[in-house]
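Okay, structure first, notes after.
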Amino acid sequence: MVHSFKYIIIGGGVSAGYAAREFVKQGVHPGELAIISKEAVAPYERPALSKAYLFPESPARLPGFHTCVGSGGERLLPEWYSEKGIQLYLSTEIVSADLAAKFLKSANGEHFDYQTLVIATGSAVIRLTDFGVIGANAKNIFYLREVDDADKLYEAIKRKKNAKRVVVGGGYIGLELSAVLKLNDLDVTMVYPEPWCMPRLFTSEIAAFYEGYYANKGINIIKGTVAVGFTANSDGEVKEVKLKDGRVLEADIVIVGVGGRPQISLFKGQVEEQHGGIKTDSFFKTSVPDVYAVGDVATFPLKLYNDVRRVEHVDHARKSAEQAAKAIFAADVGKSVEEYDYLPYFYSRSFDLSWQFYGDNVGETVLFGDNDPASSKPKFGTYWIKEGKVVGAFLEGGTPDENKAIAKVARAKPAVEDVNQLAEEGLSFASKI
């Protein structure tokens, strides 16, 4: 049997939910749109999995964090899709795609055809087994991407109360999971190869604050080395992590967060690629007519910096999906929409900490404020200056208005005459823009 739709979204993550909402706003008719997802649940806000989902008390659970609550919008329950005439194909994995013929095939043999396709397949976690790490297939080595992953991890946390946890990776997932494990009053060690945490974004000064804060919370941090092997007990459960520097760590549970890869293998050789993703224009149109790509998989023009980027973050997943849906409907009636003009935005929350970053982290940096990890209420930030202009801004502990101010600075790119004066002014500089 062939299922025919005017529009199909392949992928059921954050982008799918926000695209569906925008399709409805634009006037999609019942029966025109389908979402095909290999997950068993309707689109949800993925960031919850490394935060509130694992809280020791009152943990978040579906349906509480279906899209689009993450941006303050309506929660789109499965019934919402039914009411709007949107077909959800859950637990359905697409195994082949013919973009020229506009044809998809699922693992269970279902066939789909479409007029317009939105690729929203997101990223897959990088696994240590991909690199042939010895023992990396032992039980109780976890990765976190989907609700099923979080459920398995949560069960292990509750089952092994006095276990030793090792978190491999010093990025978003590593930092957020280490914090939530500590909130569960667990023994936690972080291991990562870089000289400091979050090296793609943080300066050494910013990282020093978070590493100090985590250490004060009792988290052991081991930097500059990697896991090269694991040993298991007679039940096949992990018991040790072997590090490249020769150290061996006891571990009953290991959580790996070493990044992701965009899931574009279905479309290899059919679409133009760039920077590891699918090349798109400012409307997320690909090189193939009537095919769009959004979220993690899209490499798009970053107008603000006259550059081309691929961005793995929930904010872009939401906004790119909305842009594509608007562009699709505009094209259907011979109209156009404004080009995507994205301001890069990243954020994280852990313990009592909350930071936001806007813009580009290139050039000279200026640190301001109180970045002492022992402070009762730390509040500090950093500006990035390139060619005499502020191009990026970071703030820990900001109020909503202060966070809006640093976003405004990053967008406006004001000139800086004296970096020492900028350091003295700190947040007040942003408030004046």
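Glycine is no exception: its Cβ is also placed from the backbone N, Cα and C atoms.
Per Swiss-Prot, FAD is bound by Gly12, Gly13, Val14, Ser15, Glu39, Arg46, Lys51, Ile94, Arg145, Glu146, Val314, Tyr347; the candidate from Asp113, Asp296, Asp332, Asp370 named for the same site is Asp296. In Swiss-Prot, the NAD(+) site is described by Gly170, Gly171, Tyr172, Ile173, Gly174, Leu175, Glu176, Glu194, Arg200, Glu312, His313, Tyr347, and among Gly246, Gly259, Gly397, Gly398 the residue recorded at this site is Gly259.
Taking all protein chains in view, 28 other C-beta atoms sit within 10 angstroms of the C-beta of Gly170 (NAD(+) binding site). In this record, FAD is bound by Gly12, Gly13, Val14, Ser15, Glu39, Arg46, Lys51, Ile94, Arg145, Glu146, Asp296, Val314, Tyr347; the longest C-alpha to C-alpha distance in that set is 32 Å. Listed in sequence order, Pro344, Tyr345, Phe346 are the same-chain residues six or more apart from His313 (NADP(+) binding site) with CB atoms under 8 A from its CB.
Of all the binding-site residues listed (Tyr172, Tyr347), Tyr347 has the fewest other CB atoms within 10 A of its CB.
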